[in-house]
Amino acid sequence: MKRPPPLALTLGDPAGIGPQLAAEAWRRLRHSGEGIFFWLGDPRLVERAVPVTCIATPEEAAAVFADSLPVLPVPCEVEVIPGQPDSRNAAATITSIRQAVEYALAGRAGGVVTNPIAKHVLAAAGFPYPGHTEFLAALCDMPGEEIMMLASPQLRVVPVTVHVSLRRALETLTTERIVQVAEIANAALRRDFGIMSPRLAIAGLNPHAGEHGMMGDEEITIVQPAIDRLRAQGIDCRGPMPPDTMFSDKARPHYDVAICMYHDQALIPLKTLDMEEGVNVTLGLPIIRTSPDHGTAFDIAGPVTETCRADVSSLLAAIWLAGEMSAYREGRGS
């Protein structure tokens, strides 16, 4: 059987815990036979902690992975001081993402796993995107088609509105956007997760899902019409569901993904249930992208040594999920 292409792991912010996580993930996976990846980063950041092999192409990664961390060099502009981000190194962070996406689009990487970035650091360097997701969509020439899923073993959630204020989220919530997000999520569950008959739970916006219009009418005027249109397409969806009960132990087994109306409605339950193994997944793009569901953790960043201070669980989950999604796309899924 042909070996699947390796995953591309990005640098993230070099002053954060990304380099620590890359080294520790390699230690955990090197002998597993799964999750082979190469790191697009500065080898100087990790070479004192783990054996490193600098590679020129992704195709070289698998042959060296058991013995050393494959690094496709992306040098930082100035010295990296752990815990002290420097916008002069933003170019390396951006280049790492750009190259990873190019390899994935060409089929030379099975997917992209992104280490955490600091949005304010990139913004200070003139980066015009609010985050990873929007940049990835632009690189794939599909702006506006991307949606964010947070996934853990216990729950999958997709917010309809994402990185905007709550006031702005309410202003931009439309029937059309709910339908678009649900359609993308439904297709992704089939293609990337092997769920042939996805069950979607559509959250209400207001307390008690509006209580028949007594606590707001968005469920009647916006959400229910979206559900009707989705059902007309043959998509299995239920709702509008009261947000205060749909994440209970009894409710979760009855759906495969929760379509939520705004950011915190989706992320609070997922992070409460499983902060350590939550994975950020970008859906709606031609490439696979996952990311650990945490930030740069500048407060615990330190020199990369043989002992990792950061919890690598979420990154390992992101690598595992990217590998599983790649397998489903190639017809190798379990």
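Cβ atoms are placed via backbone N, Cα and C, with glycine included.
Per Swiss-Prot, the features are:
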type    : residues                               : note
BINDING : HIS132, THR133, LYS271, ASN280, ARG289 : substrate binding site
BINDING : HIS163, HIS208, HIS263                 : divalent metal cation binding site
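Taking only the Cα positions, the spacing between ASN280 (substrate binding site) and HIS263 (divalent metal cation binding site) is 13 angstrom. Every protein chain considered, the tally of other Cβ atoms within 10 Å of the Cβ of THR133 (substrate binding site) stands at 22. Largest CA to CA distance in the substrate binding set (HIS132, THR133, LYS271, ASN280, ARG289): 20 Å, whole number. DSSP classifies ARG289 (substrate binding site) as strand under the three-state reduction. Each of the binding-site residues HIS132, HIS208, LYS271, ARG289 was assessed for Cβ neighbours inside 10 Å, and the highest tally belongs to ARG289.
In the structure as shown, the Cβ atom of ASN280 (substrate binding site) sits within 10 Å of 23 other Cβ atoms. Each of the binding-site residues HIS163, HIS263 was ranked by the number of other C-beta atoms within 10 Å, and first place falls to HIS263. Cα to Cα, HIS132 (substrate binding site) and HIS263 (divalent metal cation binding site) are separated by 16 Å.
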